[in-house]
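Peer 1: Take a look at this one; I'll ask things after.
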Amino acid sequence: MKLLVVEDEALLRHHLQTRLTEAGHIVESVANAEEALYQVGQFNHDLAVIDLGLPGMSGLELIRQLRTLGKAFPILILTARGNWQDKVEGLAAGADDYVVKPFQFEELEARLNALLRRASGFTHSTIIAGPLSLDLNRKQATLEEQPLPLTAYEYRILEYLMRHHQQVVAKERLMEQLYPDDEERDPNVIEVLVGRLRRKIEGAVAFKPIETVRGLGYLFNERCT
């Protein structure tokens with residue numbers, strides 16, 4: 001999934017980008033609200049982590065602006081302010097959760113995963129569609145209860161399609177799950193990855209969940225629970 005981290009402390013920003021990337025996410029990190037607004041104007045995101053104590057425009061005002069702009073992705077506040085008034089104000093502005101510094105990365109990751117699940121309409125850490133299942137915590141796929149070997153890129157594509165099941169997903173959205181920068185993106189890569197996913201899934205069982213919608217993108221046609 002594609003995350004936006006807005007944190008002015010350089011060391012923490014780098015640490016978050018490194019750990020979240022290791023957890024399998026595409027991460028864009030910026031140091032202030034103005035850069036964050038530029039990023040959300042140019043790219044799609046699945047979740048944002050925002051520090052309240054930003055230079056210039058505050059994190060609280062940034063959250064308000066994002067919601068005013070119609071950005072509906074989950075927002076987690078990450079800040080040193082721990083009193084209940086700040087928590088209430090942040091949640092009232094449009095945030096979905098709140099983590100106080102210092103924190104354990106494992107707690108942050110668990111909260112982010114919970115927000116992503118809820119945003120996709122899931123309440124558990126496993127997504128199931130017929131004989132296919134994804135373990136969102138372990139980043140593993142199984143087909144008819146047998147391990148389905150996937151590369152990291154194949155897994156990201158499959159997870160995104162299953163999270164957005166029965167919706168047409170544009171090729172550009174899938175590319176954003178693989179590459180943080182425009183100049184690195186090659187649309188042919190998506191066709192190759194989807195083709196490999198189909199062969200791995202359809203070659204093992206009579207199950208064809210991924211459709212090509214000509215001129216629009218791809219559709220995971222099975223209902224996921």
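Glycine is no exception: its Cβ is also placed from the backbone N, Cα and C atoms.
Below are the features listed in TrEMBL for this protein:
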- 2-116: domain 'Response regulatory' (DOMAIN)
- Asp51: 4-aspartylphosphate (MOD_RES)
- 124-222: domain 'OmpR/PhoB-type' (DOMAIN)
- 124-222: DNA-binding region (DNA_BIND)
Peer 1: If you average pLDDT over the domain 'OmpR/PhoB-type' (124-222), what do you get?
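Peer 2: On average, pLDDT over the domain 'OmpR/PhoB-type' (124-222) sits at 91.
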Peer 1: Give the number of CB atoms, excluding that of Asp51 (4-aspartylphosphate) itself, located within 10 Å of its CB.
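Peer 2: Its Cβ has 25 other Cβ atoms within 10 Å.
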Peer 1: Which residue counts does DSSP yield for the domain 'OmpR/PhoB-type' (124-222) in the helix, strand and coil classes, in that order?
Peer 2: 37 helix, 24 strand, 38 coil
Peer 1: Kindly report the helix/strand/coil residue split of the domain 'Response regulatory' (2-116) according to DSSP, in that order.
Peer 2: 55 helix, 23 strand, 37 coil
